Amino acid sequence: MGTSVFYLVAFLSIFFSLMVIFAKNPVHSVLYLIVTFFTFTVHYILLNAQFLAVVNFIVYMGAIMVLFLFVLMLLNLNKENEPLKSGLVKVVGIVAGCCLVVTLVGSLKATAVSDPLVLQNPNLGLVKNLGKELFGPFMLPFELSSILLLTAMVGAVLLTKKEKV
Amino acid sequence: MDISFVIEKFILVAIIFGISLVIAMYSTYAERKVAAFLQDRLGPDRAGPFGILQPLADGLKMFMKEEIIPTHANKWLFMVGPGLAMLTACIGTAVIPWGSPITTAAGRVIPLQVTDINVGVLYIFGVVSLGVYGVMIGGWASNNKYSLLSAIRAASQNISYEVAMGLSIIALLLVTNTMSLKEIVDMQHGWHWNVLYQPLGFLLFIICAFAETNRAPFDLPECETELIGGYHTEYSSMKLGFYLFAEYINMFVSSAVMATLYFGGYNYPGMDWVLTQVGPVIAPLIGTAVLFAKIFAFIFFFMWVRWTIPRFRYDQLMHLGWKVLIPIAIANVIITGIVIAIVEKF
């Protein structure tokens with residue numbers, strides 16, 4: 001049962017991520033992106049990573065995407081005030097598209113059926129075990145990344161502050 | 001996973017769903033009665049004895065009204081908005097333990113909780129953070145500047161107060177050492193309620209709960225004097241009803257969460273004595289009744305505050321959230337940590 005659920009959810013993830021790109025309206029794009037993140041949450045649950053699943057749910061779906069939606073709703077982008085694309089942009093687009101095709105063909109050629117994925121430690125995703133791992137063997141990287149986030153936060157606050165003349 | 005398990009859960013879900021809808025329905029009646037009491041009026045008293053049928057009349061009115069979808073509104077999202085608001089309001093009840101498990105005569109144990117996931121607290125938090133989408137999508141799809149402004153107010157308010165709420169929950173988790181709501185409730189057996197260990201955390205949590213449910217004094221998203229009606233200005237008929245209704249369900253769910261996290265859930269002093277007196281089938285039901293009494297007390301408190309305190313100004317709201325509640329919440333986490341470390345040491 002697990003595999004068929006995985007394939008269904010994987011199909012939905014890819015489908016909705018494609019919808020993000022193809023949707024004409026930017027607000028619709030963001031809404032599709034939210035659904036995509038929801039399917040990721042389901043993937044985490046399938047991998048028994050409950051903590052990661054719920055954090056993905058809270059942080060990505062609940063906070064970051066709200067801010068995305070926020071900005072797009074305020075900008076109110078639509079067809080009329082979209083800047084005209086110059087010829088150069090089109091050329092760049094064609095080149096980038098060709099690069100993508102080459103990469104896709106190359107990677108498709110190199111694909112092989114992978115070995116079935118076996119979770120090394122199925123209970124690692126539970127809160128208690130994850131916490132013990134993070135504050136045990138991975139203490140230093142964990143603390144460093146939190147300092148990185150703090151730096152970004154301070155930077156963001158500084159950017160919004162008006163400079164005193 | 002046998003079939004009786006599925007049926008059992010299905011019945012439980014149906015009952016909880018029904019109860020939350022009925023309670024939300026009668027909360028509208030209670031709100032008007034409480035408001036009338038606080039303002040020395042009578043309140044609704046025409047439909048049935050004491051106006052007890054008023055919610056039905058209101059519901060009928062909502063259904064019968066003409067449904068208007070504005071011409072330039074985004075039709076699909078305009079309809080999704082209220083539905084999403086209702087959905088996110090309702091799914092929070094899934095992890096709340098409504099009573100201790102009932103042991104039937106046949107020896108079967110029926111838990112009065114739909115699911116006991118080990119990240120229950122975070123699940124509630126996730127549902128709360130999702131709640132803003134119903135308002136945002138509805139406000140944007142209405143294609144009305146007032147609705148949009150109000151939706152953005154709602155979103156920024158919810159995000160701001162989620163931070164303080166999350167921090168107050170962290171302090172609680174330091175005390176409980178678990179995120180499963182079932183275990184948190186069982187820990188508070190008798191009178192060992194968490195509010196005794198986390199009074200400041202509870203105060204922060206209840207303030208944030210008011211903000212998250214968009215209740216007065218934090219009801220800026222529906223501030224009539226500034227925004228006509230708020231995010232549901234363009235809504236009519238039962239879609240409007242859904243938005244109003246979702247607010248009452250949210251109030252019920254957050255009351256249930258507060259009763260569960262801080263006020264012992266279905267625990268009450270002297271419950272062991274009661275268990276020996278009435279047996280293992282009736283005692284859990286008494287516990288459930290106690291839980292609902294706590295929930296009703298919280299709902300009354302919500303209404304009491306609404307009809308007592310005036311609305312915040314927007315900058316005051318942001319000031320309170322970011323510059324007052326968050327520092328206090330962080331201090332609460334640190335103090336709790338230090339106290340726990342000292343207690344464990346000695």
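Including glycine, each Cβ sits where the backbone N, Cα and C put it.
Just so you know, TrEMBL annotations are computer predictions that nobody has curated.
Fair warning: this is a prediction, and the values are worked out from it, not measured in the lab.
These come from TrEMBL:
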TRANSMEM  B:7-27  transmembrane segment
TRANSMEM  B:76-100  transmembrane segment
TRANSMEM  B:120-141  transmembrane segment
TRANSMEM  B:161-179  transmembrane segment
TRANSMEM  B:191-211  transmembrane segment
TRANSMEM  B:240-262  transmembrane segment
TRANSMEM  B:282-304  transmembrane segment
TRANSMEM  B:324-343  transmembrane segment
Query = With the transmembrane segment (B:282-304) as the reference, which stretch in B:76-100, B:120-141, B:161-179, B:191-211 has the largest tally of C-beta pairs below 8 Å?
reply = B:76-100
Request  = Determine whether the transmembrane segment (B:161-179) and the transmembrane segment (B:324-343) share at least three Cβ pairs under 8 Å, counting only pairs 6 or more apart in sequence.
outcome  = yes
Ask   = By Cβ distance under 8 Å, which residues at least 6 away from the ends of the transmembrane segment (B:191-211) in the same chain are close to it?
value = 157-158, 160-162, 164-165, 167-169, 171-172, 175-176, 184, 217-218, 254, 257-258, 261-264, 267-269, 302, 305, 317, 321, 325, 328-329, 332, 336
